[in-house]
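Here TrEMBL flags 138-354, 384-404 as region 'Disordered'. According to TrEMBL, the compositional bias 'Basic and acidic residues' annotation covers 160-215, 222-241, 252-330, 337-354, 384-401. Under the heading domain 'STPR', TrEMBL lists 167-240, 282-355.
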Amino acid sequence: QLNLRLLLNYFMHPKQKRPFLQTALHLGHLVKEKHKQTSAQAKEKVEVKYFYLYLVLTSKTSSFIHKAQYIQASHSHAIEETEEMEEDNETEPVLANHNKRRCHEVGIMCFMSRNRLLLTGWDERRVLSTLKLRPPTSCDEGFVKKEEPDEISLPSAKRRANETPDEREQRLLKTRVNEAQRRANESPDEHQQRLIRMRLNEARRRANETSEARSNRLARTRSSEANRRAQETPEEREKRLIGLRMRQARKRANETPEEREKRLMRMRFTEAKRRANESPDEREQRLLKTRVNEAQRRANESPDERQQRLIRMRLNEAGRRANETTEARSNRLARTRSSEANRRAQETPEEREKRLIRLRMSEAQRRANETPEEREKRLIRLRQSEAQRRANETPEEQEQRKRLRRVVPQTYCLQMKCQWDNVDHFTYRQSDGCDKFYKFRLILVRKNKCGK
């Protein structure tokens, strides 16, 4: 659609030489005023053509080609209509008594002189070149006269409408070959300008397309992309993936924080929607693939990368726990206890021994670095938990605890390097890296619990 104000501003600018268009608009405006005074018989004469031209030019719904069509067709009658207007007695009073203010109200300029009705030379060629009706030639001396306004139809359109499928295929093949040759010979600047024009045209076309057209375009794009990927070789697929990763990396490197946040939100939304619609088999395959990729990544990571990953995990876990609700914390602890119980029930004696060793070593390191206040709090918690345990124990457990205390009041390891202060308190000291202390303690406790 061509905006009326842009059309008038272009052709009616004082610096432009467009006599025919100005006169056509002017006469159409006069006829519009005259229709209020004359009979219906007079409307069917000369004025009707200019009146219709006026309506077409001032219409906001007529297309650019529609306007250009009647500009070209109506100019052929300019000389004849002017002669008839000179002989018409009803037109002279209108021209003489015309109020120029009315023309200014509708945004046009008045040219009352009769010698400006025709276009010759470069004025005509500029108008025709602007309207793109035909290319200008050096022998142009006036518009091509037509008896009736015909529809504008390009020769190529007529030829394509009547061509056979083979002719169409040959034409398209020839077009592709010519385009490939032209692109092969273009300079980097021409290549950049062509890409810019393509993007602008595509953006303009997508901005004006309907929802149905957009759906059809996306469906065609997906179908063609699926067909292309199904036929590509492994080398082509690898090149495509490398190019995709490089473009994605460049785009992410130049994105702003707002664009990054929007991208992450879109990714999370898409992933959540995909997971909500996946089947149990697809979910199992996804989890298995995730575990395999994570295991491969961890196997190839360096010590620094592993340290950074562990730090990120701890920070994320701390942030998540700081923001969780009481109910979420209870559910998390219940899941942790359940998974830990299942894991311990399935572990072998060697795995259990290693776990206990790691537990005692981490506990020893933690106690060695604790402050007096932390030690006092730990002992208070131990006494409270021990008191609570003794309050809930059965008579058999009480008897077993007393028997353990009588049997081993103070025990040393085989190398006499480690000492238990008291078996009942489960506290210990380690010196000189003794590793038999842990095994000895476990065996001793088991024997005492068995009553032997």
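The backbone N, Cα and C atoms fix where each Cβ goes, and this holds for glycine too.
Within the compositional bias 'Basic and acidic residues' (337-354), the DSSP-based counts of helix, strand and coil residues read 16 helix, 0 strand, 2 coil. In the compositional bias 'Basic and acidic residues' (384-401), helix, strand and coil residues by DSSP number 16 helix, 0 strand, 2 coil. Residues in the compositional bias 'Basic and acidic residues' (222-241) partition by DSSP class (helix H, G, I; strand E, B; coil) as 18 helix, 0 strand, 2 coil. Mapped onto DSSP helix, strand and coil, the compositional bias 'Basic and acidic residues' (252-330) counts 68 helix, 0 strand, 11 coil. DSSP labels the residues of the compositional bias 'Basic and acidic residues' (160-215) in these numbers: 48 helix, 0 strand, 8 coil. The predicted model assigns the domain 'STPR' (167-240) a mean pLDDT of 91.
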